[in-house]
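Below is one structure, written out as structure tokens, with a few remarks after it.
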Amino acid sequence: MNEQLTGIIALLALASVLVSRRAKGEGAFFQGLSDDGRAPGLITLTFSQVTTWIFARSLMNAAILGFYYGIWGTIAYAAYYLSFFVGGRIIDHLRFEQGYTSIQSFLNDRFGRWGTACYNFVIGVRLVSEVLANLLVIGILLGEAGSQSYTFAVIGLALVTLGYSMFGGLNASLRTDLMQMLLFIGVLVLLMVATLGAGYGTPAQLLFKPFEITSPGPILLLVALLQVWSYPMHDPVMMDRGFLADRETTRRSFFHAGWISALCILAFGVLGVIAGSEAQASEAMNAVLERLLGDTTMLLFSAALVISAMSTLDSTLSSSAKLVVVDMQWMAPTIRNGRIAMALFMLAGVLLVFVGNKDLFSAVAVSGTASMYLAPVVFFSLWGNRRDIPLWSYMASFGFALAGAVLYFTESSGYSSLLGEAHKYTKLLWICVAVLVAGCFVFWLGGRRKAQVKQPVASVQGA
């Protein structure tokens, strides 16, 4: 199957290169404008949103969580896709109601340079982790970690994706996203038809794990419902696409991307649930699926992962270029500098593939926990339009979230056991509740103290 999958990767790479167009200016490279200066339409923007969020890591996570924790694990992961609905409201308030041109400009206005510095740090780490995770999935599909085929797969995909991303920037990403999404939908439909046609997907298989509120699946669902309020704001790929089109197109793209992507994740996750219900002792998910569905269906399974990996990588690289060159202004806003930024982020991701953590969900959990410092920013500063929140409240919230992310990483990796012997997702829930409550408290306290300081001054002036 490796030879066939390699052929699919080569054909997909060739198609992506052919669909891409050379960026003729900064507007095309950083803003995705067409040759005649038009913003992307609804279908292009929606499909780009979807395909950049149903990436290879997400598909694997949904299937793996279904394999171990049943349909509840897959539903928990699908709950993260409520981020589109929250993200749509964030963009609508920030861009169309308050007139900001980026998340960074909003944070700089409210909290100064430290506001943007903390945010840029968090999303910079996220972008590198996205490159890492998607390359990792492709490597695993084509060989054992450390093998020659694994190394060639990672480096080959990295070079091809980097090549056409540097060629056309965000415009190329949007064009290839549309093509890749259409291919993905076709492959997913064939995959589900083959699975259901073989008699799998019965209610008994889907419900092989009973619902228990204290089991990992439902616990992870609660975690997702806590993290979803901040998760979209720290995703630069999603946020970047909120600044491309007019208000109505943007609103509709976020809405449609939400339900389409959740449906795709649930469908793919069901494969993991079926595998979990039929697994024998110590049998891996892929081995179960291959035994149940055969080589042809597993080729479709792998093809879906390859398509989603490439679509996410090019979008991640275009957002990386915009972050460094446009938002952080570390370099002059030229296409050449954008390409340099892309190459550096890809290099960082490739290096981490060979030395980093191989737990795919850990990156989501750590990133999601770190992002929770933004929840009070959304609640108080954005939706509440509170301008009286002091910098110390923002920094304290950032500190709580970063500490929570580090604590979860050490607990889940076995480096510490400060939270006892509970399941790692139970620990994650405790950490998320603590971070969210602490962050909201310091924002409330900071705003209250500032109001109390102003009140005596107003009284004296009135006297």
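Glycine is treated like the rest: Cβ placed from N, Cα and C.
Sequence annotations record features per position, and here TrEMBL assigns transmembrane segment to 67-86 (among others).
Annotation source TrEMBL lists transmembrane segment at 117-143 (among others).
The list of residues near the transmembrane segment (149-170) in space but at least 6 beyond its ends in sequence, with Cβ under 8 angstroms from a Cβ of it, reads 2, 9, 13, 16-17, 20-23, 28-32, 135-136, 138-143, 176, 240, 309-310, 313-314, 317-318, 321-322, 335, 338-339, 342-343, 346, 349-350, 353-354. Residues or ranges marked as transmembrane segment in TrEMBL: 149-170 (among others).
Same-chain residues lying 6 or more positions outside the transmembrane segment (182-201) and placing a CB less than 8 Å from one of its CB atoms are 12, 47, 51, 54, 264, 267-268, 270-271, 274, 292-293, 296-297, 300-301, 303-304, 307-308, 311. Taken from TrEMBL, the feature transmembrane segment covers 182-201 (among others).
Taking Cβ pairs closer than 8 Å, the transmembrane segment (213-233) reaches residues 65, 68-73, 75-77, 79-80, 82-84, 86-87, 90, 103, 239, 365, 368-369, 371-375, 377-379, 423, 425-426, 428-429, 432-433, 436 in its own chain, all 6 or more past its ends. Sequence annotations record features per position, and here TrEMBL assigns transmembrane segment to 213-233 (among others).
Marked as transmembrane segment by TrEMBL: 254-277 (among others).
What TrEMBL lists as transmembrane segment is 297-317 (among others). When Cβ-Cβ distances below 8 Å are used as the criterion, the transmembrane segment (297-317) is approached by residues 1, 4-5, 8-9, 12-13, 16, 48, 51-52, 54-60, 127, 130-131, 134-135, 137-138, 141, 157-158, 160-162, 164-166, 172-173, 176-177, 180-181, 183-184, 187-188, 190-191, 194-195, 198, 237, 268, 271, 286, 289-290, 342, 345-346 of the same chain, each at least six residues removed from its ends.
The transmembrane segment annotation in TrEMBL covers 338-355 (among others). For the transmembrane segment (338-355), same-chain residues at least 6 beyond its ends with a Cβ under 8 Å from one of its own Cβ atoms are 29-30, 127-128, 130-132, 135-136, 139, 151, 154-155, 158, 161-162, 165-166, 169, 316-318, 320-325, 331.
What TrEMBL lists as transmembrane segment is 361-384 (among others). Sequence-distant contacts of the transmembrane segment (361-384) (same chain, at least 6 residues past either end, Cβ-Cβ under 8 Å): 57, 61, 64-65, 80, 86, 89-90, 93-94, 98, 106-107, 110, 118-119, 122, 125-126, 129, 132-133, 223, 226-227, 229-231, 233-234, 393-394, 397-402, 404-405, 408-409, 412-413, 428, 431-432, 435-436, 439-440, 442-444, 447.
Feature annotation from TrEMBL assigns transmembrane segment to 391-408 (among others).
The annotation transmembrane segment is assigned in TrEMBL to 428-446 (among others). For the transmembrane segment (428-446), the residues of the chain that approach it from at least six positions outside its boundaries are 219-220, 222-223, 226-227, 365, 369, 372-373, 375-377, 379-381, 386, 388-390, 392-394, 396-397, 400-401, 404, 407-408, 412, 419, 422, judged by C-beta separation under 8 angstroms.
Count of Cβ pairs under 8 Å against the transmembrane segment (67-86): among 117-143, 254-277, 391-408, the largest is for 254-277. Away from its own ends, the transmembrane segment (254-277) comes close to residues 42, 46, 49-50, 53-54, 58-59, 62-68, 70-71, 73-75, 77-78, 81-85, 87-88, 91, 184-185, 188, 191-192, 195, 200-201, 204-206, 208-209, 242, 285, 288-289, 292, 301, 304 of its chain (Cβ-Cβ under 8 Å, at least six residues beyond either end). If one looks beyond the transmembrane segment (117-143) by at least 6 residues along the same chain, the residues whose Cβ comes under 8 Å of a Cβ in the stretch are 2, 5-6, 9, 55-57, 60, 103-104, 107, 149-154, 157-158, 234-237, 302, 305-306, 308-309, 312-313, 316-317, 319-320, 323, 327-328, 345-346, 348-350, 352-353, 356, 358, 360, 363, 367, 370-371, 373-374, 394-395, 398.
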